[in-house]
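Visitor: Have a look at this one before I ask anything.
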Ligand SMILES: Nc1ncnc2c1ncn2[C@@H]1O[C@H](COP(=O)(O)OP(=O)(O)OP(=O)(O)O)[C@@H](O)[C@H]1O
Ligand SMILES: [Mg+2]
């Protein structure tokens with residue numbers, strides 16, 4: 001099986017900091033790939049390089065076997081890659097519905113939409129409300145409330161709902177449960193499985209080992225700006241994974257079949 | 001759930017049987033708190049209240065001398081240009097920028113309209129188009145420098161202010177085009193100065209233009225994707241970019257539109273003065289920024305409504321004319337407007353706390 005998303009030799013420097021050091025990456029169709037690593041290991045930079053948020057200094061990315069080079073998140077999104085960034089990327093003063101549809105707004109049918117470019121507020125609000133209800137996030141009373149009036153966890157929920165709703169090829173989640181409560185984290189994990197059940201592969205960055213070991217099909221261990229190894233959760237314990245990640249233990253050789261898992 | 005047997009999940013099972021109802025807070029909000037919330041949603045409310053209060057106070061002090069259709073529409077006429085330039089300023093300030101070149105662009109565009117007609121003998125309507133194009137070009141230069149070169153708007157427009165103003169004086173050779181000549185040869189240049197009556201009320205087409213412009217922009221900002229993007233860019237440009245907004249394109253279009261609106265103000269200016277004067281409109285910068293700030297639009301970008309700017313401009317107009325009719329020293333006007341500016345920013349900060 002060919003990877004749906006593949007990267008080779010990605011390099012990204014910030015001044016003298018090398019955030020990505022000839023990093024390779026593979027995502028297989030239909031899988032949940034967890035990416036773990038220390039703070040500052042370069043996980044966020046890796047997914048930004050893939051999703052067009054940063055342009056790598058070197059290296060190539062293939063989507064569906066075709067070489068791509070995204071220069072903006074909008075381009076990656078157009079290709080079906082939907083991302084929840086660690087910073088969430090929300091406009092605080094705008095409403096939940098506005099934020100969910102940022103850059104892909106729905107317009108009214110007929111002349112109001114085509115000539116006067118009027119937004120179809122009711123449709124956008126209904127969609128947003130439905131998606132948040134699916135996530136069990138209707139602690140939110142008013143879909144028109146400004147995002148800045150939401151709690152950190154609620155904001156994260158909105159961002160995850162946005163990505164899950166629109167992702168068509170790949171969904172990338174950078175620490176989607178970092179601010180969530182126990183129940184809400186559970187819902188996000190369920191949502192991740194739902195998305196996979198729709199046949200869409202997911203990249204999940206997380207520091208939460210139990211979550212990672214629970215949902216991941218494969219685990220990409222990131223260290224010092226590059227892929228250290230990829231393991232299967234059933235082959236190792238969480239302590240092993242943490243030991244590899246922190247350099248306390250020698251990483252296993254990457255087994256050749258690891259890049260072609262039977263999902 | 002397959003994971004229920006896993007040790008990692010044991011604590012999660014404790015949530016079983018927890019009530020599924022959502023936390024509902026009984027909001028024992030004070031009236032002040034509720035008011036703060038309303039303002040957060042409708043930021044133009046404060047200037048509207050101040051405006052109405054000012055009208056009531058002056059009406060009480062001056063009676064029908066002030067509170068008459070004639071006087072009230074006179075105020076509209078006096079703020080028409082500030083309102084139009086303020087609309088341009090609003091767009092830029094919503095993106096967390098500032099445009100110090102609005103006045104200069106307005107004057108240069110009016111000079112282009114006049115000189116193209118009288119120096120080159122072009123048809124006046126074509127000269128007007130050239131003036132509008134001139135405004136668009138100046139805006140494009142501002143926008144490109146801000147969006148592509150990532151220079152701070154304050155610096156870019158400070159520079160453009162000087163450049164455009166100097167160009168204006170060099171090109172026009174400091175020469176005024178007289179009103180009579182315009183009346184005889186190119187009356188369309190004075191179109192916005194023409195007026196019509198509705199009972200005692202007197203409206204110029206300049207006033208109509210200002211009102212239509214503000215209403216149109218209010219619609220665009222609130223009900224179109226581009227309008228939402230303007231707010232998103234002003235709120236947090238990095239987040240907007242990640243969320244799929246073409247930040248640079250939005251910025252360039254904002255500055256271009258601002259330039260075109262300033263050129264329109266230049267045309268209205270000809271109507272107001274009757275003549276084309278390269279030395280006119282020196283205070284348009286500061287007046288437009290004043291209207292925007294009193295109108296409750298945040299200088300940090302992303303918050304406020306253009307209707308607020310209109311109310312802000314009208315507040316200044318009401319104070320100026322009202323105090324003049326009372327026969328006070330004009331310095332009192334400046335003093336009060338200064339206090340209003342500071343008050344408006346204080347209210348803006350207070351409203352922002354609603355989120356915290
Ligand atoms: N915009 C930036 N400018 C300068 N340096 C940066 C920038 N973004 C990231 N870096 C640097 O790149 C390195 C990798 O950062 P990155 O955010 O990818 O780490 P991470 O693995 O996501 O960490 P965390 O788990 O804390 O989110 C860090 O050393 C960081 O300081
Ligand atoms: Mg990160």
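Even glycines carry a Cβ here, placed using N, Cα and C.
Those TrEMBL annotations? Automatic predictions, nothing curated.
Dumping what TrEMBL says about this protein:
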- B:45-67: transmembrane segment (TRANSMEM)
- B:79-106: transmembrane segment (TRANSMEM)
- B:126-147: transmembrane segment (TRANSMEM)
- B:154-171: transmembrane segment (TRANSMEM)
- B:202-221: transmembrane segment (TRANSMEM)
- B:250-270: transmembrane segment (TRANSMEM)
- B:282-300: transmembrane segment (TRANSMEM)
- B:307-326: transmembrane segment (TRANSMEM)
- B:332-351: transmembrane segment (TRANSMEM)
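What's the neighbourhood like for each of these?
Guide: Using a Cβ-Cβ cut-off under 8 Å and counting only residues 6 or more beyond its ends in the same chain, the transmembrane segment (B:79-106) has close neighbours at 134-135, 138-139, 142, 146, 153-154, 157-158, 160-162, 164-165, 168, 192, 204, 206-207, 209-210, 213-214, 217, 221, 230-231, 233-235, 237, 250-251, 254-255, 257-259, 261-266, 268-269, 272, 281-285, 287-289, 291-292, 295, 297-304, 306, 309-310, 312-314, 316-317.
Proximity of distant same-chain residues to the transmembrane segment (B:126-147), defined by a Cβ-Cβ separation under 8 Å and at least 6 residues beyond the stretch ends, is recorded for 97, 99, 101, 105-106, 108-110, 112-117, 120, 153, 156-157, 160, 164, 186, 188-189, 247-249, 251-264, 266-267.
With a cut-off of 8 Å between Cβ atoms, the residues of this chain six or more beyond the transmembrane segment (B:154-171) that come close are 97-101, 103-105, 107-108, 111-112, 115, 138, 141-142, 145-146, 278, 285.
Within the chain, the transmembrane segment (B:307-326) has long-range Cβ neighbours (under 8 A, six or more residues past its boundaries) at 43-44, 46-48, 50-51, 54-55, 57-58, 61-62, 65-66, 71, 74-76, 78-79, 82-83, 86-87, 89-90, 210, 214, 218, 287, 290-297, 332-333, 336-337, 340, 344.
Packing against the transmembrane segment (B:332-351) from elsewhere in the chain are residues 36, 39-40, 43, 46-47, 50, 290, 293-296, 298-299, 303, 312, 315-316, 319-320, 323-324: each is 6 or more residues past its ends and has a CB under 8 Å from a CB in it.
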Visitor: Counting only residues 6 or more past its boundaries, what in the same chain has a CB within less than 8 Å of a CB in the transmembrane segment (B:202-221)?
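Guide: Same-chain contacts beyond the ends: 70, 73-74, 76-77, 79-81, 83-84, 87, 90-91, 94, 191-196, 227, 230-231, 261, 264, 268, 271-272, 305-307, 309-310.
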Visitor: Apart from its near flanks, which chain residues at least 6 from the ends of the transmembrane segment (B:45-67) lie with a Cβ under 8 angstroms of it?
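Guide: Here the qualifying positions are 38-39, 294-296, 307-308, 311-312, 314-315, 318-319, 321-322, 325-326, 340, 344, 347.
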